[in-house]
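A.B. asks: Following this message is one structure expressed as structure tokens.
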Amino acid sequence: MPIIEQVGAREILDSRGNPTVEVEIALTDGTFARAAVPSGASTGEHEAVELRDGGERYGGKGVQKAVQAVLDEIGPAVIGLNADDQRLVDQALVDLDGTPDKSRLGGNAILGVSLAVAKAAADSAELPLFRYLGGPNAHILPVPMMNILNGGAHADTAVDIQEFMVAPIGAPSFAEALRWGAEVYHSLKSVLKKEGLSTGLGDEGGFAPDVAGTTAALDLIGRAIESAGFKLGTDVALALDAAATEFYSDGTGYKFEGSTRTAEQMAEFYAGLLGAYPLVSIEDPLSEDDWDGWAALTASIGDRVQLVGDDVFVTNPERLEEGIEKGVANALLVKVNQIGTLTETLDAVALAHHSGYRTMMSHRSGETEDTTIADLAVAVGSGQIKTGAPARSERVAKYNQLLRIEEALGDAARYAGDLAFPRFALETR
């Protein structure tokens, strides 16, 4: 029985140069593991709270308080617990914090311990993390949803939509999907250069040109796909993350592309995009608290496209359950740091799948070299993963881990491909 013997923590830097928490766990059998916690740029109001230091150091973003929470309170509370009883460990963390949003000890402190314990237990069992968490049937490799053009909070431009993604749905394997996405990414750089547009990068490795708006960005990506030798909609489809909470003003509406719009007008805009482009997925098309607008949008176009709830659900089983009851969205974005423990994340995924919702595993804009979400995507069979462009090592680390997993699975590996998007009708391709 692997027992937690030592717990350590330190402050490290994420991909945006901001501090984050890294936790190390040692077990009585000599097993050692570490986990690093990501951080978001566009965050939902209902997420688990990150504990930051305030003050002048690192512009107030230091995490020494969270590190001390691990060393002084969390560590002593979990030392002696059985590492392979993840639910027991995570419940101890939740109980110790005692707040609904993990604001006392910090979601960043709690998550670091939760993930490090899981990784240590997997190593102790001599199993890869995806197999330890997913069991013997974990074999589905996800479609990489590559954010190759950045806007919104991820780029300093006038583009309101936060992420423009390509999805290599027609590839025969994950390795080929990764190649296709990388080739489209490089093709887009050439297209942007020809148009005299910037090829500077946003937070997640995608290009951040200051283009006229949504359709202009989609047209550029369409050209890049075809210039790379692929068929738009058959080989490679498109997806969006609007992050609409970022341009929503309570009581006023959605300040989008030069005008203020209602939820109904935004729905009309998205419906128009579906008629013009092969879109398989739209994330956060409306604000996190616009439940009525979400329900109406889902009823209107939810049978034609995947509508992913990120800020509206924040990987929280309780909010997801409410959304399911109200007919909000048809897919869940999964971010482990939104809820703060691995167990709660797995519970949210299980609820989504049981209710007919798809799931998309996701990184954050402030990432590290930690590859846990790659294993988690295969473990839960999400069929989709969003972890940035095929650039910047903190993004590529996840893709490279998925290559290793596919290789390890051998003939048992199956790439999700277009089966990950059943609402994307054949006649639209």
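Even glycines carry a Cβ here, placed using N, Cα and C.
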A.B. asks: According to Swiss-Prot, Lys335, Arg364, Ser365, Lys386 bind (2R)-2-phosphoglycerate; identify which of Gln162, Gln265, Gln401 is listed for that same site.
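C.D. replies: Among the candidates, Swiss-Prot records only Gln162 at this (2R)-2-phosphoglycerate site.
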A.B. asks: Pick the one from Asp210, Asp310, Asp311 that Swiss-Prot also lists for the Mg(2+) site with Asp241, Glu283.
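C.D. replies: Swiss-Prot names Asp310 for this Mg(2+) site.
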A.B. asks: Ranked by the number of other Cβ atoms within 10 Å of their own Cβ, which of the binding-site residues Lys335, Arg364, Lys386 ranks first?
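C.D. replies: The residue with the most neighbouring Cβ atoms within 10 Å is Lys386.
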A.B. asks: Given the recorded positions Glu204, Asp241, Glu283, Asp310, which lie close to Arg364 ((2R)-2-phosphoglycerate binding site), meaning Cα to Cα within 10 A?
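C.D. replies: Of Glu204, Asp241, Glu283, Asp310, within range: Glu204.
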A.B. asks: I'd like to know which of the binding-site residues Asp310, Lys335, Ser365 sit within 10 A of Glu204 (active site, proton donor) at the Cα level.
C.D. replies: Ser365
A.B. asks: For Ser365 ((2R)-2-phosphoglycerate binding site), what is the tally of other C-beta atoms lying within 10 angstroms of its C-beta?
C.D. replies: 23
A.B. asks: Which one is it: of the binding-site residues Gln162, Lys335, Ser365, Lys386, whose Cα lies the shortest distance from the Cα of Asp310 (Mg(2+) binding site)?
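C.D. replies: That would be Lys335, nearest by Cα distance.
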